[in-house]
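Visitor: There's a structure below that I have some questions on.
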Amino acid sequence: MSNKPFIYQAPFPMGKDNTEYYLLTSDYVSVADFDGETILKVEPEALTLLAQQAFHDASFMLRPAHQKQVAAILHDPEASENDKYVALQFLRNSEIAAKGVLPTCQDTGTAIIVGKKGQRVWTGGGDEETLSKGVYNTYIEDNLRYSQNAALDMYKEVNTGTNLPAQIDLYAVDGDEYKFLCVAKGGGSANKTYLYQETKALLTPGKLKNFLVEKMRTLGTAACPPYHIAFVIGGTSAETNLKTVKLASAHYYDELPTEGNEHGQAFRDVQLEQELLEEAQKLGLGAQFGGKYFAHDIRVIRLPRHGASCPVGMGVSCSADRNIKAKINREGIWIEKLEHNPGQYIPQELRQAGEGEAVKVDLNRPMKEILAQLSQYPVSTRLSLTGTIIVGRDIAHAKLKELIDAGKELPQYIKDHPIYYAGPAKTPAGYPSGSLGPTTAGRMDSYVDLLQSHGGSMIMLAKGNRSQQVTDACHKHGGFYLGSIGGPAAVLAQQSIKHLECVAYPELGMEAIWKIEVEDFPAFILVDDKGNDFFQQIVNKQCANCTK
């Protein structure tokens with residue numbers, strides 16, 4: 001066997017970058033000559049300013065292309081009424097968030113930075129530190145949330161109080177530019193990243209497509225669809241596969257070629273992307289509460305692989321599609337242009353439109369009366385809640401379990417009021433609350449039967465589908481799970497939440513137990529006291545309302 005000649009293949013050969021940028025400043029950059037080459041000198045302040053501005057913009061604004069996809073739902077005759085309702089709420093939320101006070105989502109995410117530094121770019125070193133300072137500045141100065149926990153030992157944690165550390169991955173490349181992708185990645189969508197170790201046997205058209213559709217179905221609605229879904233097939237390692245998933249979901253690899261070659265270049269399979277998008281529309285899950293728009297788009301990327309391995313990765317970017325490019329070149333610091341005026345996509349006739357029929361529910365009365373009212377309505381019923389709600393999420397539930405385990409009574413407020421799974425962002429001056437949308441319900445599933453057996457958590461409010469144990473617990477104890485739209489945290493803070501106060505564990509920050517007063521807070525009955533589960537009915541094709 002003759003040896004093949006050496007040929008270097010760039011693993012991700014990209015086409016032209018068509019991103020539209022704006023010039024932040026021409027300060028902090030200069031050029032110099034060294035060893036016959038022109039060098040771009042970048043001051044440390046440039047990296048700090050770039051990171052600070054990029055994460056500020058991404059926290060309050062989204063890409064124009066994404067907003068146009070949301071707006072298109074309103075004009076699609078095949079979209080369900082629930083699809084259109086959710087899309088309208090997203091646009092209203094974006095219009096509020098774009099003012100720069102209330103962030104798009106209360107989970108303002110882990111700050112992730114991917115940087116590609118040209119060999120003729122000099123910064124003097126310490127890039128991770130100066131970029132981290134920019135992240136710090138944004139999270140400290142804006143009304144964002146601190147979501148990062150530092151481990152003091154294997155089991156004890158403390159909130160870092162700054163949202164640091166950031167995840168920063170820097171690469172050396174050719175050229176005289178420094179290019180970045182900045183991602184504010186919330187926990188809900190990050191948790192929908194999966195790796196499947198498969199074999200060559202999967203690589204037939206029928207098997208692969210069916211496999212991907214079934215995996216796509218398992219995403220559920222907990223990470224706030226409509227999604228930007230990414231599949232990656234192959235990879236020289238598992239970690240390469242998942243890195244590619246992350247970047248593909250951010251549309252970073254959109255300019256890849258659309259066919260492979262014998263040297264192993266990555267490519268997009270645009271035909272399979274379209275086929276999978278059509279399958280996603282048939283799932284019935286829609287934009288959270290049934291319909292067509294489970295996904296805005298799908299990316300499928302094929303990578304080379306070791307003959308003994310076939311990793312398959314899946315991930316999403318959620319409705320808070322907070323991805324933004326930036327770069328530094330001779331002209332200065334450039335930031336990707338996001339949509340400053342998302343309100344332009346709201347049709348005038350929907351400006352003052354009501355929300356359609358919703359059952360009014362007064363929460364300021366005995367729990368038995370509230371439960372009796374809810375019991376009159378089927379799953380999928382839209383509700384409008386007014387009154388007192390308790391707010392608590394992961395650590396709060398662990399604390400409540402500790403009380404029961406210690407033989408103590410649950411606090412009366414857990415018995416008297418619904419509990420909303422959420423953690424607020426910082427409260428801006430003059431506002432009753434910071435952005436406060438729901439977190440993923442499924443993480444609290446294991447607590448439901450225990451709490452309800454002790455008279456607490458009888459009405460739960462959160463986002464996404466839940467496990468059978470929650471349906472069983474609600475059937476057994478007469479409880480309900482109500483769904484809140486995942487994503488429009490700013491509009492909830494501005495329009496529905498009238499008061500916020502901490503009632504327990506203030507040292508836990510966003511994980512504390514809070515009390516809110518709400519007015520016309522939107523929700524849907526998803527699990528009732530009779531053993532019905534809205535999402536299971538969709539799967540079983542039994543929900544008559546989900547595709548109207």
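A Cβ is built for glycine as well, from the same backbone N, Cα and C atoms used for every other residue.
What Swiss-Prot records for this protein is below:
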type: BINDING; residues: CYS105, CYS224, CYS318; note: [4Fe-4S] cluster binding site
type: MOD_RES; residues: LYS192; note: N6-acetyllysine
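Tell me about the surroundings of these features in the structure.
Guide: Around the Cβ of CYS224 ([4Fe-4S] cluster binding site), the same chain contributes GLY188, SER189, GLN288, CYS318, SER319, ALA320, LYS463, GLY486, GLY487, each under 8 angstroms and 6 or more positions distant in sequence.
All protein chains included, LYS192 (N6-acetyllysine) registers 22 other Cβ atoms within 10 Å of its own Cβ.
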Visitor: Count the other Cβ atoms sitting within 10 Å of the Cβ of CYS105 ([4Fe-4S] cluster binding site), across every protein chain shown.
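Guide: Excluding its own Cβ, the number within 10 Å is 30.
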Visitor: Would you count the other C-beta atoms found within 10 angstroms of the C-beta of CYS318 ([4Fe-4S] cluster binding site) for me?
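Guide: Counting Cβ neighbours of CYS318 ([4Fe-4S] cluster binding site) within 10 Å gives 24.
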Visitor: Write down the Cα-Cα distance for CYS105 ([4Fe-4S] cluster binding site) and LYS192 (N6-acetyllysine), rounded and given in Å.
Guide: 17
